[in-house]
Amino acid sequence: MTTLVVATLSAREVRRRWAALALVIALPFWFYLVRRDATGQSMRMLTLGIGWAISTLTLFVVNASRGVDPRLRLTGASVVSIIGGRLLAMTGVGVALAAGYWLLAWLDQDVLHPWAAALMMLVSAVVAAPLGSLIGALLPRELEGALALLSVVAVQMLADPAGLTAKLMPFWSAREIGTYAVDGGSAEMVLHGLAHAGLTWLICAGGTLAVFQWRLRLARYPEP
Amino acid sequence: MTDWPQAFEAELLRLGVQPGRARRLADETAQQAAETAGVPAEIFGPAHLYARHLVAELSAPAALSPRTRYEPGPVMLSLTGVSKRYRRQTVFTGVDLTVRGGEVAAIVGANGCGKSTLLRICAGLTRPSGGTVKRTRRVGFVPQDGGTAGWLTAEEHFTLFGAAAGMVPGRARSTGVHLATRLAWRPGRQQRAQQMSGGTRQKLNLVLGELHAPDLLLLDEPYQGFDQGTYVDFWQQVFAWRDAGRAVVVVTHLLHDLQNVDHVLDLGER
């Protein structure tokens, strides 16, 4: 039950940060708008924008909870329920954002495989939440975290998609699925993308959990 | 400072002094100040503190009459030879403290002597470098600042902390609101923590620390931002917890309430 309560209240917190929420919603739109004339580029930029927006929002939510988490642990909550609840909420926000933008792209662009385009945006949103969470766990200050995310997205944007550097970046999966969605080709690209996304999710979620297990550990004292 | 006598009289009334007697005491105090041609605030200090001091002095004989005081209960917290070092810097060493149910302990000392660190060690949030800590399982911790989520309302905090303690949301909210009224606070339904005054946020902090009915309460200067009335209510609440059999450890730098606590641990003297 704690997980659901944390998820519900985290989502409510995000909803109340309406200025940040408006910027998060708008960010992928600007990415999309500048390359609207080219379907492939606009879809890839849009997807990367969704990933960047959700990971940054998650980073801020994780940092804002820093003072509450130790007290929740002391009151009896497990680390899994705290971190899991927050990831659940931010993934939900990401999926909603991806769904909205998929509808826009479906109406506005001529995409070869619309279902794959939906999957591309979904993968980006689902990977973004634990990525933001992990950066927030490793870099406790918002500025440092935001700059780290900016670096990740910039490298992802500029690296040669066929090279090793791009494959080591967290949003390579969305790009791979996007190539199939827009240009067609082998369906194996979707499978590769999904495998990459799954592995990235596991690393980021597992890393977040490991950092917070250590940071929120309580000394176990014997009873008098 | 012209309203010092009025503030003094109002505080006497708040503390339960009869109106006629309060007026007489206020007049006498003003007269004493006039005799020395001084300003009351400079001679006696803040009106509310002097009023409380005077009431304590006047009621001292009454303290000899049997007051309901319970036998100390089982040990809730035991520190033996506890020390803390950060790299090569020793914060404190050899701290011993035993607090039983029905007792209040105060940790005092100068800034930077490790009061908050010791309280975090008691909570289990920080590990001691040496020594032995034994502690009851159910503990409530109220930090000096922070500890709340700025975008959530008080009732949402009650739901969140209640869920952590295994309480259903409805019960957590009603318990939280009930505890808040004991601190003379009615939580606003729409007001978020970041919109609360410093004192109100500390009341929220206190309620969250007590929400799951812990046996041991660890309070780190929780009265920051309280007005004088709330400050008095706070100490009355501390003694109510004590009388209910709970153990309370308070970090404080204000020394004028220590006469009523059972143990004083001065980290500055170590």
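Just so it is clear, glycine is given a Cβ too, placed from its N, Cα and C backbone atoms.
Listed in TrEMBL:
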| type | residues | note |
| --- | --- | --- |
| TRANSMEM | A:18-34 | transmembrane segment |
| TRANSMEM | A:46-65 | transmembrane segment |
| TRANSMEM | A:77-103 | transmembrane segment |
| TRANSMEM | A:115-139 | transmembrane segment |
| TRANSMEM | A:146-169 | transmembrane segment |
| TRANSMEM | A:189-212 | transmembrane segment |
Answer with yes or no whether the transmembrane segment (A:189-212) touches the transmembrane segment (A:77-103) by the criterion of at least three Cβ pairs under 8 A, sequence separation 6 or more.
yes
Check for me, if you would, whether the transmembrane segment (A:189-212) reaches the transmembrane segment (A:18-34) - at least 3 Cβ pairs under 8 Å, residues 6 or more apart in sequence.
no
For the transmembrane segment (A:46-65), what are the same-chain contacts with Cβ under 8 Å, counting residues 6+ beyond its ends?
10, 13-14, 17, 20-21, 24-25, 27-32, 82, 86-87, 89-90, 93-94, 97-98, 101, 105, 120-121, 124-125, 127-133, 135-137, 140-142, 145-146, 149, 153, 156-157, 170-171, 174-175, 178
